[in-house]
Structures are given as C-alpha cells and as structure tokens.
Amino acid sequence: MSSATFLSVMAGLSGIVVFGALISVFHIYSDINSFVEDSHRELGEFKGFANDAWNSMINQDDSVRMARSVFGRRRQKKQSQCNCGQQASNCPAGPPGPPGASGDKGHDGQPGQAGKPGQPGVAGPSHHQKQECIKCPQGLPGPAGVPGQPGPKGPNGNPGAPAQGGGQGPPGPPGPAGSAGSPGQAGAPGNPGSPGKSGQRGRGLPGPSGAPGPQGPPGAPGQPGSGNAPGPAGPPGPAGPNGQPGHPGQDGQPGAPGNDGTPGSDAAYCPCPTRSSVLRHRNVNRHRAAASKKRVVAKKRVAKKRVVAARRHVQA
C-alpha cells in the first residue's frame, strides 16, 4: 500500500470520527437543554407547593395568634386585679414586634353617581363675508437717511501721453553694499623670528605641609616612683543594679464589724410584658425552620434526579 493511499484512508477515517463527535455533541447539548427545562419546571412546581404550604401555615398561625391574644387579654385582666405592691409608672416601651402578615384584598367600591349634563354649545357663524382693504391717502415724504458706505475702488485709468524733452535726470543714491567675496588663498609662511632675551629665574611660594609620618616604636620603661604611700582615691563608680524584692509582710489584724445598713426603698419593677410577642417569635421561627427544611429536601431530590439522569445518559 502506498503512502498516498494510506493518508487518504486515514483522512477519511478522521473525517468520519469528527462528524460522529459533532453529532454526539449536538445530542448532548439537546439533552442538557431538556434537562434544564425539566429542572426549571419542577422547581416552579415546588415553589408553588412551598408557597401554598407557607400560606396555609400563616393562616393557621393567625388563628392561633388570635386565640392566644384573647386568652392573654383575659389573663391580663385577671392579673390587673392583684394589688401586690406599688404600680410602676413611666416605664420604657418594649421592643417592636415582628411585622404582621399582609391583609386580604379589599372589596371593589360601588360605582359613582352620574355626572351633570354639560352646557349647550354656541353656534358658529353660518357664512364668511369677504371684506376689502381700506385705501388710505399717500403721506408726506420721510426724513433723509444716514449716508451710505463708500463705494469700491474704481479701475486704473489709461496710460498718459509720453513726456517731451526733459533731459537726463540727476544720479540716484548709492546702492547697498554687495555680499562678501570668497576667501583668498593662504599666504606664504613668514621668516623665523630672532631669539628672545633670557628671562630671570623665579622663586615660587612654599608648598603645603605633608601628611604626618607613622607612629614610632614605644620608648623604654620609666624609672620606679619614689615613696611607699598609696595614691589618691579614684572617682566613684556607677550605681549598681536594684536589689531583689523583700519578703511580704504579715497580714494585719481584722477590723471591727460594721453597723447594719438601713432598709432600701421599693424597686418599683415594671410589669412583665404579655407572652403573645414571645410566642409569635417562636412560632414564626419554627415555621421558617420547617419551610427551609422542606426546601433543602426538595433541592436534594432535584439533585438526585439530575445525577440519575446523567448516569442514564452516560450509560446510553
């Protein structure tokens, strides 16, 4: 088999493989699009189920909240009859409660009353008569206007007749100086000059001093000192470091017991708030946790379906 035949066969096989790869890519792309559309549809259905469940929980929570608020009011009325101590006054307001659920849509209003009839229209002209302009007599002439701008320059006139017998005129003034000429050739070298007179020998100023020489060798030791008396005392040395801290001292004697204090005044505590706000917070948090748990379960189901679909596609 020749090389040309082998190359042509390999090129044909390569083209078939590339064509098959393109077809498989197109199928995979279409499968991915269908999977994404199915996922969006399932997510929309799940969102609808979640909204319905949330609305049902909100409505149920509203009924429970109303019943608890009624019971709380009765309990508060019963507790208000207790005369346990001095009632508090000027107590600060508690924290604001959570926003309530949105109310139902109101009913449509009744149609308004009919308007009053309008005023009768005004009739327009039936026909139009053509009128001629009034002819006025001619008036007096107006004042003279401002002088106009000078006109443009006229053309040159014709040349005059030639002069007759005037003679030669006087000479004109001298003309300007001409430009410099080109440089001339170099001249011949001159003769050598006569020798000059001998000069007087000068004497310059002394130069600066040189650098100091190297240090010489040490000298011989000196003679021993006279007398056996000690020399004078030297200057005092620097202060030494601080010493170690000493041992702690013994404890003192206990003091005498103090006198009894006077009884304090009434604290005037504020009354406890109703339990409706606390229970409302707990119910809302519990419902939110349940809804978030349902969302997580639904997301896990969708992810599991995606994995199963991908495995089926790979096996196919």
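One is the number of the first residue shown, and numbering goes on along the chain from there.
Including glycine, each Cβ sits where the backbone N, Cα and C put it.
As recorded in Swiss-Prot, the features of this protein are as follows:
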type	residues	note
SIGNAL	1-34	signal peptide
REGION	78-269	region 'Disordered'
COMPBIAS	79-90	compositional bias 'Polar residues'
REGION	94-126	region 'Triple-helical region'
COMPBIAS	110-125	compositional bias 'Low complexity'
COMPBIAS	137-147	compositional bias 'Low complexity'
REGION	139-198	region 'Triple-helical region'
COMPBIAS	177-198	compositional bias 'Low complexity'
REGION	204-263	region 'Triple-helical region'
COMPBIAS	209-221	compositional bias 'Pro residues'
COMPBIAS	241-260	compositional bias 'Low complexity'
REGION	281-316	region 'Disordered'
> Near the compositional bias 'Low complexity' (177-198), which same-chain residues lie under 8 Å Cβ to Cβ, leaving out any that are not at least 6 residues past its ends?
Replying inline: none
>> Based on DSSP, tally up the residues of the compositional bias 'Pro residues' (209-221) by helix, strand and coil.
In response: 0 helix, 0 strand, 13 coil
> Which residue counts does DSSP yield for the region 'Triple-helical region' (204-263) in the helix, strand and coil classes, in that order?
Replying inline: 0 helix, 0 strand, 60 coil
